[in-house]
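Here's the structure, in structure tokens; my notes come after.
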Amino acid sequence: MTQVFINGARDDLNVREFQSLDHSIQELILAATEARKQAYCPYSNFAVGAALRTSDGTIYSGCNIENGAYATCICAERTAAVKAISEGKRDFVACAVVAQQDNGFTTPCGVCRQFLSEFVNGKDIALYAAKPTNLPLRVLCTSVLQLLPNGFSFANGK
């Protein structure tokens with residue numbers, strides 16, 4: 001097995017088998033997998049699905065939506081977050097991202113990391129990245145703040 005390093009850590013320290021995860025995490029990953037099927041990505045052909053769980057247990061899902069004017073594209077993670085925020089939910093506890101990347105896992109881009117970090121509210125948000133298979137076999141288990149250490153925030157004076 002090839003040793004892969006993710007954010008400086010060996011992947012085997014952060015990767016778990018799907019079946020070993022709590023049912024609520026499996027449910028979140030499966031919601032992201034379903035959301036990915038709705039992706040509109042005619043330019044990149046890189047479909048991404050995401051799902052966010054709020055503190056009350058509600059899951060909001062989203063997919064990436066591209067546009068010929070690239071700056072107007074929106075990532076799956078922000079789609080899910082915007083749906084939740086527009087419904088008055090801002091207390092996120094977990095996020096799942098599902099995309100097909102041959103080498104490694106697809107984690108949120110820098111913009112999405114910063115966007116999600118706005119809603120950590122003094123705590124971190126668990127993040128799970130998986131590939132879209134009939135049943136995800138391996139899942140990268142990390143968090144928003146692990147992916148974005150020292151992110152910009154008015155709360156910490158940066």
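The backbone N, Cα and C atoms fix where each Cβ goes, glycine too.
Residues or ranges marked as active site, proton donor in TrEMBL: E77. Sequence annotations record features per position, and here TrEMBL assigns substrate binding site to N64, I65, E66, N67, G68, A69, Y70. Per TrEMBL, Zn(2+) binding site is recorded for C75, C109, C112. According to TrEMBL, the feature domain 'CMP/dCMP-type deaminase' maps to 23-140.
Rounded to a whole number, the C-alpha distance linking E66 (substrate binding site) with C112 (Zn(2+) binding site) is 15 angstrom. The most densely surrounded of the binding-site residues I65, A69, C109, judged by C-beta neighbours within 10 angstroms, is I65. Each of the binding-site residues C75, C112 was scored by other CB atoms within 10 A of its CB, and the lowest score goes to C75. Between the candidate recorded positions, E66, E77, the densest Cβ environment within 10 Å is the one around E77. The record gives C75, C109, C112 for Zn(2+). Within 8 Å of the mean position of their Cβ atoms, the other Cβ atoms in that chain belong to A76, E77, R78, P108, G110, V111, R113, F115.
In this view, the densest Cβ surroundings among the binding-site residues N64, N67 belong to N64, judged by other Cβ atoms lying within 10 Å. Taking only the Cα positions, the spacing between Y70 (substrate binding site) and C112 (Zn(2+) binding site) is 16 angstrom. Restricting the binding-site residues N64, I65, C109, C112 to those with a CA within 10 Å of the CA of E77 (active site, proton donor) leaves N64, C109, C112, listed by sequence position. The Cα of N64 (substrate binding site) lies closest to that of C75, out of the binding-site residues C75, C109, C112. Taking the C-alpha positions, the distance from A69 (substrate binding site) to C109 (Zn(2+) binding site) comes to 18 Å.
Other than N64, I65, E66, N67, G68, A69, Y70, the residues of this chain whose Cβ falls within 8 Å of the Cβ centroid of the substrate site are, in sequence order, Y40, Y43, T72, C73, I74. Other Cβ atoms within 10 Å of the Cβ of G68 (substrate binding site) number 8 in total over all chains.
Taking the C-alpha positions, the distance from C75 (Zn(2+) binding site) to N67 (substrate binding site) comes to 11 Å.
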